[in-house]
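What follows is one structure encoded as structure tokens, with my remarks underneath.
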Amino acid sequence: MSRLERLTSLNVVAGSDLRRTSIIGTIGPKTNNPETLVALRKAGLNIVRMNFSHGSYEYHKSVIDNARKSEELYPGRPLAIALDTKGPEIRTGTTTNDVDYPIPPNHEMIFTTDDKYAKACDDKIMYVDYKNITKVISAGRIIYVDDGVLSFQVLEVVDDKTLKVKALNAGKICSHKGVNLPGTDVDLPALSEKDKEDLRFGVKNGVHMVFASFIRTANDVLTIREVLGEQGKDVKIIVKIENQQGVNNFDEILKVTDGVMVARGDLGIEIPAPEVLAVQKKLIAKSNLAGKPVICATQMLESMTYNPRPTRAEVSDVGNAILDGADCVMLSGETAKGNYPINAVTTMAETAVIAEQAIAYLPNYDDMRNCTPKPTSTTETVAASAVAAVFEQKAKAIIVLSTSGTTPRLVSKYRPNCPIILVTRCPRAARFSHLYRGVFPFVFEKEPVSDWTDDVEARINFGIEKAKEFGILKKGDTYVSIQGFKAGAGHSNTLQVSTV
């Protein structure tokens, strides 16, 4: 079916299909309890996000504990936990007595890196915590403060600690606000000492993935992997692309990362807002082609922080991110501090179902096969062939037996028009597979039996039963299965078409 035929035959009834796009929700004070987490999971939450820009270790440990408690209360599908790093941000200092100072247009003042002003800022002089700012910026350049609420033009680089600037609009100078230098290559380290401690905390407490903020180069990813160490070798690194450097170096970053987040908030400040649309589509397409999961984030249902219903533009934004190819969509303040967190997750889930119905799966599959460099690995060849078999046989599901989670990721790359049932003995693989579009993970807890054929049959039957529970398969339905010829990772080479 062509894309046009697909669109003209859309079934626009919400809830008429099973959602395949995963939902990430940031947990804050209003949602950090087991009962609310259960409600969020029932509404569609798959991955819990902890924002390490805020909160103590005690607080974040409570989020982890409550997430795990919610699984005891409501087993369902496994829940994944993500740690979002603060990252190498640039921020203003503290104003005197923590007062907000009004700034009129054309107001001239000083930006300084002199530490004596770090806690003594006012409307005449503002401390900035990036020591090299005078080396990387020049007269005429623009500096944004507080997510672009205030704009300043650099009038003069006075000395190695001082900039003279002019306000381009009215606003307020406040404490600890973010500073952006659009179009400027900054040389901040990939990780602050706080970030390193946060990563070690995450490894110790069993997080499944890291959302790495402000990634600029491939070396940044390698630095994070080094800090995670041997104990954290299975933690997935998802890079957040939120500046021009990250966009420019994306191809090299993509080679070494486990996944990508298009973080449109800071990205929309660093580059012209209209360009974010094209960058989003480009980064998602490149991630899809590489078989790496991609998340679309920031302000997706922002109005639902305070309103029970979204704007129509927000619904379209969520839907179009899914049509672009996003594996996951993310909520931030909507679930962290919003008045309607469960409504927000429900709205996102319902929107995802409708958007997925608008996808022309077969043309997408053909595009992916044609654009993927050859030869592919044995595992990817089997994965692509399984998806082809789904289209040929009109199969209702793909059952994947996997140890490492690689095979379901590659099946997801080719976007079958049916769910992917992952059966694994590895709880971690089950949890991080929520990153992959269409994967429904289940942990098979029985010990392996000595006869390999019997063990494979037991796991496939388990997958069939789980698919029946979710209404994916029924008696007489065709399904495709993928398994290996022996135990362990890297041996998926067998494809089978069967009937329930």
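Here the Cβ of each residue, glycine as well, is placed from N, Cα and C on the backbone.
Remember, it's a predicted structure, so these values are computed and weren't measured experimentally.
What Swiss-Prot records for this protein:
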- Arg49, Lys240, Gly265, Asp266, Thr298: substrate binding site (BINDING)
- Asn51, Ser53, Asp84, Thr85: K(+) binding site (BINDING)
- Ser402, Thr403, Ser404, Gly405, Thr406, Thr407, Trp452, Arg459, Gly484: beta-D-fructose 1,6-bisphosphate binding site (BINDING)
- Ser2: N-acetylserine (MOD_RES)
- Ser9: phosphoserine (MOD_RES)
- Ser16: phosphoserine (MOD_RES)
- Thr31: phosphothreonine (MOD_RES)
- Ser70: phosphoserine (MOD_RES)
- Thr184: phosphothreonine (MOD_RES)
- Ser213: phosphoserine (MOD_RES)
- Ser316: phosphoserine (MOD_RES)
- Ser450: phosphoserine (MOD_RES)
- Thr478: phosphothreonine (MOD_RES)
- Lys240: site 'Transition state stabilizer' (SITE)
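For the recorded positions shown (Ser9, Asn51, Ser404), fewest C-beta neighbours within 10 angstroms: Ser9. Shown in sequence order, Phe52, Leu191, Asp195, Asp198, Leu199, Val210, Phe211, Ala212, Ser213 are the residues of the chain, 6+ apart in sequence, with a C-beta less than 8 angstroms from the C-beta of Thr85 (K(+) binding site).
The recorded positions shown are Thr31, Arg49, Asn51, Gly265, Gly484; of these, the one with its CA atom nearest the CA of Ser70 (phosphoserine) is Thr31. Counting other Cβ atoms within 10 Å of each Cβ, the binding-site residues Gly265, Gly484 show the lowest value at Gly265.
According to its DSSP assignment, Asp84 (K(+) binding site) is in a strand. Of the residues the record lists as binding beta-D-fructose 1,6-bisphosphate, namely Ser402, Thr403, Ser404, Gly405, Thr406, Thr407, Trp452, Arg459, Gly484, the two whose Cα atoms sit farthest apart are 20 Å from each other. When Cα-Cα distances from the residue listed as 'N-acetylserine' are compared across the binding-site residues Ser53, Gly265, Thr298, the shortest belongs to Thr298. Cβ environment of Lys240 (substrate binding site): Asp84, Gly87, Phe211, Ala212, Ser213, Phe214, Ile215, Gly246, Met261, Ala263, Ala297 lie under 8 Å away, each six or more residues apart in the same chain.
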